[in-house]
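Student: What follows is a single structure, and I will ask about it in a moment.
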Amino acid sequence: MTRLCRTFQTAPAAIPNDNSAKFLVSGLTSKGFQAPDWLVPDIEDGTAPSMKDEAVDNIIEHIPDHADDFAGDILPRVEWAYDDANARERGIEQVTRLAEAVGEELDGFVFPKVGRLDDVRDAAGVIADAERDAGLPEGTLEMAIILETAPGRSDLREICQYATDSRLSGLVFGPVDYTAELGGRTLDGERPRWDGLLEALSNETSAADIVAIGGPFDQLFHERAGVTYYNAEGYADQVAYEATIGIDGSWSLHPKQTEQANRIHMPTVEEMERDLHKIESFNEAKREGTGAVVVDGQMVDEATYKNFANTVKTVRAIDETHPAQTEAYYDDDLLARARDVELIFG
């Protein structure tokens with residue numbers, strides 16, 4: 001998987017402030033490791049009901065000013081719910097307005113609270129209609145969905161299979177609404193982890209070659225002895241777990257979270273050195289006509305080679321989108337090797 005989405009940062013598209021687009025513009029102008037791979041201007045839960053129209057207006061006003069300089073993808077989260085016709089109508093209107101006004105600057109839309117496969121098809125149809133009405137080429141706008149309902153979970157495999165022949169490019173876990181819909185409880189201060197769901201999400205999205213994104217971590221700050229401090233450790237633990245099971249990216253609610261997730265979902269210097277060494281040694285052995293190849297005591301075949309190649313492909317994807325991040329993270333020699341090495345498999 002080389003589609004880049006280490007970070008899925010939601011930013012309220014309108015807030016009750018003299019500068020209601022403050023967080024939207026902040027996301028669009030973020031630099032360095034605080035620049036997300038996917039910026040999600042939020043018209044849904046992150047924006048008060050009375051400010052939804054202003055949120056759409058803010059996106060229309062500010063996206064053209066910043067889209068060319070923003071390296072990542074921009075996908076607004078619109079209103080939608082499989083069991084709420086009014087929410088779907090509002091979402092249709094939002095998609096239609098945005099596609100008409102700034103469709104050329106957007107990469108797609110995020111639909112929350114989708115139900116079974118037919119509901120996902122309906123959401124995709126909304127984008128197709130808006131795309132056509134706006135005069136955009138077919139397939140210009142992608143779609144990501146938030147998996148946060150029981151019907152959506154029941155059709156997870158079918159939804160991912162649908163992605164192989166549609167504009168669906170990513171699935172995002174929404175644990176808060178999912179827990180509420182299932183009647184889950186928070187006991188002893190601990191929320192359900194939903195390990196089985198996350199592992200299924202990783203598997204099914206990998207099979208469909210689309211991205212999987214973990215859920216939000218909203219315990220941003222702790223307070224102790226009158227001092228409030230950022231909960232860096234808690235978020236890092238969640239992101240590291242997601243990375244371990246093959247979740248491609250993590251939901252970010254704050255620039256500090258974006259910086260952490262970008263780094264955690266980035267191959268370490270040690271990983272890069274190790275995997276490049278094995279790729280280079282394998283390539284050299286093959287040039288010399290060697291059959292079986294052993295590198296540092298490990299038998300390397302096509303399958304293990306592809307694992308090493310994934311590291312390089314990830315770094316190349318980051319380097320293409322955010323060169324300032326790779327240049328700050330890796331030394332010049334290591335980065336040059338990653339850019340230049342031939343990948344025989346993968």
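These residue numbers are counts, starting from 1, taken along the chain as shown.
Note that Cβ sites are derived from N, Cα and C of the backbone, with glycine treated the same way.
As annotated by Swiss-Prot, Mg(2+) binding site applies to Glu148, Asp177. Here Swiss-Prot flags Val176, Asp177, Leu253, His254 as substrate binding site.
Help me understand the surroundings of these features in the structure.
Tutor: A sphere of 10 angstroms centred on the C-beta of Asp177 (Mg(2+) binding site) encloses 17 other C-beta atoms.
Summarising the environment of His254 (substrate binding site), the number of other Cβ atoms within 10 Å of its Cβ, over all protein chains shown, is 19.
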Student: What's the most sparsely packed of the binding-site residues Val176, Leu253, counting other C-beta atoms within 10 A?
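Tutor: Checked Val176, Leu253; of these binding-site residues, fewest Cβ neighbours within 10 Å: Val176.
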Student: Just to be sure I understand the packing, how many Cβ atoms besides its own are within 10 Å of the Cβ of Glu148 (Mg(2+) binding site)?
Tutor: 22
Student: For the substrate site made of Val176, Asp177, Leu253, His254, how many Å separate the two farthest Cα atoms?
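Tutor: So the binding residues stretch over 20 Å, Cα to Cα.
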Student: Hey, how far is His254 (substrate binding site) from Glu148 (Mg(2+) binding site), Cα to Cα, in Å?
Tutor: 21
Student: Calculate the distance in Å between the alpha carbons (Cα) of Val176 (substrate binding site) and Glu148 (Mg(2+) binding site), and round it to a whole number.
Tutor: 8
Student: Cα-Cα separation of Leu253 (substrate binding site) and Asp177 (Mg(2+) binding site), in Å?
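Tutor: Distance between the two Cα atoms comes out at 16 Å.
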